[in-house]
Protein chains: 4
Amino acid sequence: MADDLFHIAGKAFSSRLFLGTAGYPNQQVFLDSLTASGAEVVTVSIRRVDMAGGAEGLLDLLQGRAWLLPNTAGCATVKDAVLTAQLAREALDTSWIKLELIGDRETLYPDVEQLVTAAAQLVDDGFTVLPYCTDDPIVCRRLADVGCAAVMPLGAPIGTGLGILNPYNIETICARSTVPVILDAGIGTASDAALAMELGCDAVLLNTAVSKSTDPVRMAGAMGHAVAGGRLARLAGRIPKRLRAEASSPELGLIGG
Amino acid sequence: MADDLFHIAGKAFSSRLFLGTAGYPNQQVFLDSLTASGAEVVTVSIRRVDMAGGAEGLLDLLQGRAWLLPNTAGCATVKDAVLTAQLAREALDTSWIKLELIGDRETLYPDVEQLVTAAAQLVDDGFTVLPYCTDDPIVCRRLADVGCAAVMPLGAPIGTGLGILNPYNIETICARSTVPVILDAGIGTASDAALAMELGCDAVLLNTAVSKSTDPVRMAGAMGHAVAGGRLARLAGRIPKRLRAEASSPELGLIGG
Amino acid sequence: MADDLFHIAGKAFSSRLFLGTAGYPNQQVFLDSLTASGAEVVTVSIRRVDMAGGAEGLLDLLQGRAWLLPNTAGCATVKDAVLTAQLAREALDTSWIKLELIGDRETLYPDVEQLVTAAAQLVDDGFTVLPYCTDDPIVCRRLADVGCAAVMPLGAPIGTGLGILNPYNIETICARSTVPVILDAGIGTASDAALAMELGCDAVLLNTAVSKSTDPVRMAGAMGHAVAGGRLARLAGRIPKRLRAEASSPELGLIGG
Amino acid sequence: MADDLFHIAGKAFSSRLFLGTAGYPNQQVFLDSLTASGAEVVTVSIRRVDMAGGAEGLLDLLQGRAWLLPNTAGCATVKDAVLTAQLAREALDTSWIKLELIGDRETLYPDVEQLVTAAAQLVDDGFTVLPYCTDDPIVCRRLADVGCAAVMPLGAPIGTGLGILNPYNIETICARSTVPVILDAGIGTASDAALAMELGCDAVLLNTAVSKSTDPVRMAGAMGHAVAGGRLARLAGRIPKRLRAEASSPELGLIGG
């Protein structure tokens, strides 16, 4: 929908699907998936240790095709996350950062205490910060209060494909948030992405659900449809759930329905 | 997807969304919703008592725009359902019939014993029978055995918008059915329709979820996307659900994802 | 609760848990489980082919300790089920029968058409019939109409331990039934059994959940507690679900709660 | 079970149900509910503003009948919570404190950043701290690391009766926690309490579900059974969930089951 733009920090997007770049069989499958999905934002992981090294190929290919959102995947301390964000800004020439700061390597769950601290530092340093966080409405509000441009609560732990474990919390966050809400992590299939939008999310970020599916390009297309469908359904105003059946055509004539 | 046709009784369809015609604010909203949804099959209710009467307007408008699927909504006996089907064939010049035979007016739940009997009679009489039935795998098999062209198990009672109450049964039915499975009744929003397709349904029929939404045309578009997305996700082969987190970019370099 | 008796066909029971007898490590574990569970009704499978043979030991042990409810497990035709019931009556000197008539060996799902026919025949023949059926409110009503003493809708397929797949239907059946409703099949753990009672079931029958657990005697005790707790919760009238938080102690003094 | 004791900070309890004291119709109903539930721990709210005032009656009645666990309900800052805890210690002569520190009055959701800070201060000050927290495994670990004697993750927001919104997280917390896990808030009915225990919780605290039910004394009894049943089921080792049916008595003779 050309008339349903979505803004983060003043930048407008028409697609509400963000795509990760990890785990694809090869670069071409990723690029075809990107096209099939219609996504305009792509997140890439920055690792200090390899900053000298390669992969410029993908970066070059993405230039002009997608808005780059570097992330701090794998960081477990404030210092590490902040430094990684700064290196990303230098290397990719963007002040946008998806801030990941995990509490342990087993659950990959965000460490919200450190996350708030790192987010505040990066905001002060001029970054546009999009933090990967828990589905905790108080933490989400706090992240917005320290100046984050959006919040990215999880649906389920990274890579699990379990969908949205707690729709109630996601809906609560969306209803109260002063910044855009982007569901991040846990999506397994199209209906999960549609549900995220129906709950009020402004966008969905996913990676494994596409890259590790049997047919990533087709699944990318599925996710594009699902996000568009979920968004439209949200805007359209769904029927209330009723506990009792109700005939759709109770008393009509020849062509009642 | 032009290459993902769907057949019932030898007729090919490219859209997997079927739309009911009841309860729209007016005819124009219905027609705009039909366009927005991309649906090719439209179900209409036949009432003997009004066969003399009007509504030819809508029928004329639908000619050439949609495949008509008359239904026997409101019938509660074999005799009534069979007679209604015969009148529909005469009036609409089609041998296709969506067979509804309800057990009571409160739940609008199918009466499966009578349904099987009526289906068998109508098949013998040359009809292409699509029965609205429960999510009972044995009943669905029986309906296929007596010659039905498809089965139409419910997601939830008509008009409730509760979604798919028993995904396990729907998935079981899809995995075993020898005829197409069309989810009918209960859909409330886009993610419900996507889920139906992911469980293996060949198509989805819905009415109230669109006609009674706040913005039917937009919701019709949502459902079109949702059915397409759910179908693609099914074909693409989703990732398995995992109980433990797994990094999407565990050990990659500069651009790992 | 001595004052919360439960009646089937005029016979009163104080425990609302029925126990199956199959699959226990040995007879003693079964007997200890029976004691731990507090169950008063025990269901046993009758096979014509072995009527000459043994197992009288268990029967003797059960005499006086439990009310015997023979079942027709494994029967797939009306004729087979009726004959098995008649043999059971002769062998066990009871006119009670749990009528099982399955649609196929893969799903073990009831064949409701044949079930109604067999039930009607057995009622005519003087049996007290308790049919194992689907969670279909129309079928349950029909079984009551032909004279069954109770209905036994499934929670999930036999032996799956999936719990109650469709609580909505079970609740609908309970709200409308003119005869006792006994949830049968699918229970996996204690909370499933409690939920059945909260939905309005009069009793719960289970087997595998106890006999195949790691510690059957302990699980039998768990189920006894769960059924009692679920029943009490039903009688006590639970609080409504609220979408918004509400302080339990909003404005109280020193000892507010 | 006399042999299934539960320890917090070295003190042993045999009941795994903790009861709140707010919202009962009158004191006698509370006392009868306490008896019916079998609970040994009772939580009471301390308000500084009213420390001069009454309610000693209830305190006197509880002496010897229950272990008092004062709470800091309504506190929204570290300072307020710490001060309230200190006043509770003085007034009630106990160093145990259920630490509640909410993020806002609308959701009553814990503010986990402040909670960790307050917990650390109170531990340093010699308190036995039981913090009411979110279902975030990293926060729970952090609370244990700063010396809390247990963690009390929520099932759902206070007073909602929505049950356990995210069983996955509760199970994850239980599997990893080095201190006892007590589910707190959200319980609506008996099956919710049983589920908490099955997920691995060491105990359950609830208030509104009993005090605001139609018949608190009966519901208290229901909860006692449910917690005992859920605990036994956890210890007994439930059967795995299976996707396919399996006969409980596939090939047995006269008395197969």
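Glycine too: its Cβ is placed from the backbone N, Cα and C atoms.
Bear in mind that TrEMBL entries carry predicted annotations, made automatically and left uncurated.
Checking the candidates A:Gly159, A:Gly229, A:Gly230, A:Gly237 against TrEMBL: the one annotated together with A:Ala185, A:Gly186, A:Asn207, A:Thr208 at the 1-deoxy-D-xylulose 5-phosphate site is A:Gly159.
In this structure the C-alpha atoms belonging to A:Ala185 (1-deoxy-D-xylulose 5-phosphate binding site) and A:Lys98 (active site, schiff-base intermediate with DXP) are separated by 13 Å. Residues listed for 1-deoxy-D-xylulose 5-phosphate, A:Gly159, A:Ala185, A:Gly186, A:Asn207, A:Thr208, cover a largest CA to CA span of 9 Å.
Between the alpha carbons (Cα) of A:Gly186 (1-deoxy-D-xylulose 5-phosphate binding site) and A:Lys98 (active site, schiff-base intermediate with DXP) lies a span of roughly 16 Å. Checking the recorded positions A:Lys98, A:Ala185, A:Asn207, A:Thr208 against chain D with a Cβ-Cβ cut-off under 8 Å leaves no residue at all. Counted within 10 Å of its Cβ, the other Cβ atoms near A:Gly186 (1-deoxy-D-xylulose 5-phosphate binding site) come to 25, all protein chains included. A gap of 17 Å separates the Cα atoms of A:Gly159 (1-deoxy-D-xylulose 5-phosphate binding site) and A:Lys98 (active site, schiff-base intermediate with DXP). Calculated from their C-alpha atoms, the gap between A:Lys98 (active site, schiff-base intermediate with DXP) and A:Asn207 (1-deoxy-D-xylulose 5-phosphate binding site) amounts to 14 Å.
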